[in-house]
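Participant: Got a structure for you, written out below as structure tokens; questions coming shortly.
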Amino acid sequence: MKTRWIVIAVAIVYSGYVLLSHETEDSWTFSTDNITKNIQLGLDLKGGIFMQLEVDVEDAVDHYVEEQAGTIKASLEAENMTVGSSDPQIKERRVVLANLGSTINQEVVPEVKRLYRDRWDIRGDANQLTLTLREGAIDDVKKDAVTQTVYKIQNRIDQLGVSEPNINQVVGTNRIVVELAGTDDQARVQKLVKEPGQLEWRMVAKGALNFAQRAEELQPYLKPGYKILPMKEGEGFYLLEPVMMTASNVSRVMASRDETGFPAIGINLDRAGGQIMDSVTGQPDAVGRQLAVILDGKVLTAPVIRQRLSNSFVISGSFSAGEVDDKILQIKSGSLPASVRILEERVIGPTLGRDAIRQGTTAAVIGFGAVMVFIVIYYRIAGLFAICALFINLLLMLGMLAGIDAILTLPGIAGFILTIGMAVDANVLIFEKIREELRQGTAVKNAVDIGYQSAFVTILDANITTFIAAFCLLLLGEGPIKGFAIMLMIGIVCSIFTAVFCSRTFFMTYLRSSTTHRTLSIWPLWRGAAATSPQ
């Protein structure tokens, strides 16, 4: 008996501590005011931004093939193989390595197949290798693209300081749901989740015709690995050589100022990036050429190289201070592996959330009050035990909600109210079984024991079935549906504990009293007095 009361006390104290305490970097408080701080409200209650995004997985495969063309060429050259050109044929999902020279032979081809056979189908002859991306590898690239996009958007939003953002992939699709409670800066969020944040450096192509007002004018000069990209403000198009360096070579990025004092992006390169920059700008013909800085497929600037560059410099592009901050967030979090399209977007005002909280709270109070009145009238002293168990159930549910940092949504409030009814159902099953035993003349203590033992299997079966259904909702649902599922699962666990463990502890304590162990007031008030244990 003592152990039972210790367990109940620990559960109550822990739940109260989680709800009432709040810790910050420099202080710790214990107050009822902290309840609202410890329970995170969802988008539908707090207001905020909802977005449903679609990742262009085909674009991800295109990027992968283009990127791998350079990687494969470099790895083959590291094996002392001469590679004249590496041509990514994006639509065919293949890379063609040509002009391999005399170093390619039948001994080398098996080695290349060993290195890349997991993802590439490799065919070749004495002068050319064709690597075609396998179907299984294409599927893996698509899955990885969605997973990485979720992770990188999460990183970007985290740096915004939004509390408890909900960013999840819709199961089995290439769609992502973004819920940001408590924020309304729609334009900024759009940029952060949609813009890839791909930073590249490319040399502007040699020759007289490397810039034009129309892209079509540069098409005849396009070579494998080259690109035609527009200026940021649509002022024309550049013909650019293959990628020289990317954001992966950036060790530090920070807000800075350009020569004219306007906001700019300060860049520090890592050791490898610094060596690349030093090597390229140190070439005899580098001085006088243009080095283009590309962000998200647009040329920000293409300054003329005046001297050898090191690992630290500034990127300018007519930015505002806010744009600089957002670009820094994007570069720090890493570029998105594919383009993203916004399918659905809406802003929910906080007024609607406050109304929902008020209405949900009113419904919960009315429901709880009605249950208390009914159960006391109908079950008398046993009803009082059930009410005590319900109050503990309420405290435990809120404590678990705060303890696991779950988000309370409007459907979550519905799940909360539903579990109150489920907890009462469990007590009703037990009390009716006790009544049945008392009618048959069973001693009070034995009737209580039989009532709990007989009803336990039924209660457990019903709650496990509901728990499984809630778990499926959690896995397959999204947004508010997950909030309902979480609250329902929490409520089921707490209901079993309070209905079976706590209320039985109350009964056992009551029946141990020397003056009450022979009687149990469980009949309705209009049906007579308490049941009496036989002598």
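Each Cβ is built from the backbone N, Cα and C atoms, and glycine gets one as well.
Annotation source TrEMBL lists domain 'Protein translocase subunit SecDF P1' at 147-205. Sequence annotations record features per position, and here TrEMBL assigns domain 'SecDF P1 head subdomain' to 228-338. What TrEMBL records for 339-510 is domain 'Protein export membrane protein SecD/SecF C-terminal'. Under the heading transmembrane segment, TrEMBL lists 360-379, 384-404, 410-431, 452-477, 483-502.
Locate each feature and note its surroundings.
Facilitator: Residue counts of the domain 'Protein translocase subunit SecDF P1' (147-205) by helix, strand and coil are 23 helix, 17 strand, 19 coil (DSSP-based).
With a cut-off of 8 Å between Cβ atoms, the residues of this chain six or more beyond the transmembrane segment (360-379) that come close are 386-387, 390, 394, 410, 413-414, 416-417, 420-421, 424, 427, 431, 522, 524-525.
Below 8 angstroms of C-beta separation, residues 8, 11-12, 14-16, 18-19, 35, 38-39, 368, 371-372, 375-376, 416, 419-420, 423-424, 427, 431, 486-487, 490-491, 493-495, 497-499, 502-503, 506-507, 510 of the same chain, each at least six residues beyond the ends of the transmembrane segment (384-404), sit close to that stretch.
Sequence-distant contacts of the transmembrane segment (410-431), counting only residues of its own chain at least 6 positions beyond either end whose CB sits under 8 Å from a CB of the stretch, comprise 42, 44-45, 356-357, 360-361, 363-364, 367-368, 371, 375, 379, 382, 386, 389-390, 393-394, 397, 451-452, 455, 458-459, 462-463, 466, 480-481, 483-488, 490-492, 494-496, 498-500, 503, 522.
Within the chain carrying the transmembrane segment (483-502), a Cβ under 8 angstroms from the stretch's Cβ atoms is held by residues 4, 7-8, 11, 42, 386, 388-390, 392-393, 396-397, 400-401, 406-416, 418-420, 422-423, 426-427, 430, 452, 456, 459-460, 463, 466-467, 470-471, 473-474, 477, all 6 or more beyond its ends.
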Participant: Which value does the mean pLDDT take for the domain 'Protein translocase subunit SecDF P1' (147-205) in this predicted structure?
Facilitator: 79
Participant: Could you give me three numbers for the domain 'SecDF P1 head subdomain' (228-338), the DSSP helix, strand and coil residue counts?
Facilitator: 27 helix, 44 strand, 40 coil
